[in-house]
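*Asks:* Swiss-Prot lists Cys161, Cys164, Cys252 with the feature [4Fe-4S] cluster binding site, giving sequence analysis as the kind of evidence. According to Swiss-Prot, the motif 'PP-loop motif' annotation covers 86-91, on the basis of sequence analysis.
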Amino acid sequence: MNAVWTDNDTQAEDLSPQGRVASQLVRLKSDLQAFADATASAPATREPKIERETHKLEKRLCRQVGQAIMDFNMIEEGDRVMVCVSGGKDSYGLLDILLKMQQRAPINFEIVAVNLDQKQPGFPAHILPEYLAKLGIEFHIETQDTYSIVKKVIPEGKTMCSLCSRLRRGILYRVADELKITKIALGHHRDDMLQTFFLNMFFGGKLKGMPPKLVSDDGGHIVIRPLANVAEKDLTRWAAHRQFPIIPCSLCGSQENLQRQLIGQMLRDWEKQYPGRTETMFTALQNVVPSHLMDATRYDFKGLKITGVPDADGDRVFDEETFPMAKLAGVQVLGSSC
């Protein structure tokens with residue numbers, strides 16, 4: 001006979017088959033309830049960490065944009081800045097950050113959000129006006145049916161991006177004049193600038209990138225890229241946090257430039273294999289040594305003479321340059337025996 005020792009405050013456990021099943025069901029129910037309670041409380045536990053990370057992200061974005069504005073004198077006292085808003089994450093992020101910085105900037109400047117509705121089929125024309133109206137800022141929606149023009153000119157199956165871009169650019173320059181704009185702000189970020197550099201190198205035979213500030217091709221406008229220091233992944237995170245009403249960029253049916261896609265994937269692969277390489281390459285764009293390239297229009301090789309003055313950028317001629325060893329993802333370098 002099975003006997004269970006108990007005290008006065010504890011009931012004897014029923015060890016019969018039915019009793020064991022009932023006991024297991026009670027324990028299972030208790031475990032499920034505990035799991036449900038833990039799951040319900042998890043978001044509350046994660047919230048402070050998410051808030052901290054979001055706050056750090058916001059500070060980083062504002063710092064990087066502010067640094068670019070200062071380094072390249074992008075925005076000056078009294079400027080009227082036209083922010084080109086397409087409905088993508090980058091232009092939303094640019095507008096959002098500039099509005100934040102406008103409140104704390106040491107100078108006064110105006111912001112005008114401008115969108116060009118090119119009458120692409122399926123384009124949700126109500127989204128941007130509603131969003132911008134809620135922000136309570138000055139904005140302008142320019143409606144021009146460039147889509148029909150491009151469809152007539154470009155053969156079926158060919159990319160429409162180039163002509164579409166030229167038409168869009170001309171219209172935006174006109175709008176900038178009409179609105180008395182002094183600076184045109186575009187949402188290109190650090191990754192765009194690096195991709196453009198390699199596109200020019202691989203397919204154009206030029207060491208040419210995407211400048212943070214330039215005079216427009218018509219000679220009449222200053223174009224700025226305040227997101228020059230910002231990584232695309234940070235803009236993606238910020239867009240998710242702010243829940244921007246994103247409008248897809250493929251409504252026209254035209255595929256993104258294949259070459260740009262390939263370069264973008266190459267850079268992502270490099271960054272995955274060699275963490276930090278993207279940052280190093282971007283830094284290189286800001287540290288150009290013309291005397292160590294081969295463009296005779298940028299450096300007077302023919303007129304080179306001995307000066308007797310040491311040059312920090314001068315060649316050591318017989319010595320190979322040494323560089324820090326690249327860190328491989330997941331690989332620990334222990335050192336050599338020599």
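Just so you know, glycine gets a Cβ as well, placed from its N, Cα and C.
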*Asks:* Counting each residue once, how many in the motif 'PP-loop motif' (86-91) are helix, strand and coil under DSSP?
*Replies:* 3 helix, 0 strand, 3 coil
*Asks:* Among the binding-site residues Cys161, Cys164, whose Cβ has the fewest other Cβ atoms within 10 Å?
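*Replies:* Looking at the binding-site residues Cys161, Cys164, the Cβ with the fewest others within 10 Å is that of Cys161.
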*Asks:* Restricting to the motif 'PP-loop motif' (86-91), what is the model's mean pLDDT?
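*Replies:* Per the prediction, mean pLDDT sits at 95 for the motif 'PP-loop motif' (86-91).
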